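Going by TrEMBL, these are the annotated features:
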| type | residues | note |
| --- | --- | --- |
| DOMAIN | 48-442 | domain 'Amidase' |
| ACT_SITE | LYS69 | active site, charge relay system |
| ACT_SITE | SER144 | active site, charge relay system |
| ACT_SITE | SER168 | active site, acyl-ester intermediate |
Amino acid sequence: MDIFGKSITQLRSLIKDKKVSPKEVWEYFAKRSKVNDEKLDIFITRLENSKQSNDNIDLPLAGIPFSMKDTYCTKGVRTTASSKILENFIPPYNATVYQRLLDAGAILVGKTNCDAWGHGSSTENSDYKITKNPWNTDYIAGGSSGGSAAAVSTYSTLFDIGEDTGGSIRLPASFCGIIGLKVTYGLVSRYGCIAYGSSLDTVGPMGTSIKDIATVLEVIAGKDPYDATSTKKQSYSYIKSLNDSIEGLKIGIPKEYMGEGIDSEVKQKVEESLDIYRKMGATIKEVTLPHTQYAIATYYLIATSETSSNLARYDGIRFGNDRSYFKDEAKRRLILGGYTLSAGYYDQYYKKALKLKTEFIKDFNTVFNEVDVIMAPVSPTSAFRIREKINDPLQMYLSDMLTVPINLTGIPSLVVPVGLTKKGLPVGMQIIGNHFEEAKILNIAYQFEKETNFFDVIKKGREKYR
């Protein structure tokens, strides 16, 4: 049976009806992941044998293959964070998100490539390889979860668990033409995730349908005693919430996100999507997020400060190789973070950045008093050529200017594909909700999915890799 392109729901039905076995499904995806990895450099580690921990076919994800960004601890499976420092690290325990997926019957195919430690927007900072964009191999797949997006885009796996600190799920999802969800901070446990910026890191799913994303979120969300920052799962079902009407929905469009510096084709695709929402009964209102111009500076002061603390443990004594293995981007962030936390500069930089973070929260709270949801581009441009910006870190950082405010405020953002540029590269759009409004933004995206042909973008991308 040809299972190419089947969703989680469709594949679950085939498995339950015994038209295909979990073993056959895993072997199919293991083969696909190998072939596509050789073309695009997607994986750091691919599993040669199934790690299925439960053969109960009634489990919500029984027999469903998935991949994970190589920043999550997987007991008995190498975890490197795409850094040579952890080249031979095999964790003795499982990250909570991984354990919950195993308990739900899902099967790991492999660990995907990313920028080392999550530091980057293109996977060019990986110590092992650069993941190529499935749509055009001369272009980046985005980052830091670039391998994750490429794996899903090429149907090398049904879904992936990425990590988003400043846009690391949303940027590659946009560049590779798939769906990616950055959840409310704390909704999914970070236990067992190799930390980048602890107050900003979030765990989230990447996939090819809204129902698939909702299905995975049902499994992984909720309180974890091992993560003090995790929160209780909401009482409603993400899947059952997908049938709510959006008649009368108020959509806010931040003028700062659609102004100077945003590529005209990116704006055009977002505006075309807003027209579709108008036809569905929504109203569009321009709003303002006045502190947007300070987003990059605020984010990188906080993120690098936390990085300098989190990476201090990698001293080559307790585990891992020594610090000489840190590459340029990690060194850059360690130096900046150490500087901003040093005596005499803490108040001038880090403390001021924390105050600005509060201003971002106020900005978004004001907007959410006026509208139900915010929609905006993901990045100023579509994917750029490999090595085009690698020697200009400031230009690279600007790729995240529309995503980092979401991490600073801790709110959720869902990326959906909305079209292709003239060069044939995908463009995504953010659907941003207030805290713990994942069900709302998933439903809003689901209605858009039913109304449009954006799924054709996803299908067109993976057909090249049938």
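In case you wondered, yes, glycine gets a Cβ from its N, Cα and C as well.
In TrEMBL, annotation is done automatically, which means it is predicted and not curated.
Quantities reported herein were computed from a predicted structural model and do not represent experimental measurements.
Positions of TrEMBL features highlighted on the structure.
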{"residue": "LYS69", "record": "active site, charge relay system", "DSSP class": "strand"}
{"residue": "SER144", "record": "active site, charge relay system", "DSSP class": "coil"}
{"residue": "SER168", "record": "active site, acyl-ester intermediate", "DSSP class": "coil"}
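Other Cβ atoms within 10 Å of the Cβ of SER144 (active site, charge relay system) number 34 in total over all chains. Across the domain 'Amidase' (48-442), the prediction's mean pLDDT works out to 95. A distance of 10 Å separates the Cα atom of LYS69 (active site, charge relay system) from that of SER168 (active site, acyl-ester intermediate). On a Cα basis, SER168 (active site, acyl-ester intermediate) lies 5 Å away from SER144 (active site, charge relay system).
The number of other Cβ atoms within 10 Å of the Cβ belonging to the residue listed as 'active site, acyl-ester intermediate', over all protein chains shown, comes to 35. The 10 Å shell around the Cβ of LYS69 (active site, charge relay system) contains 31 further Cβ atoms across the protein chains shown.
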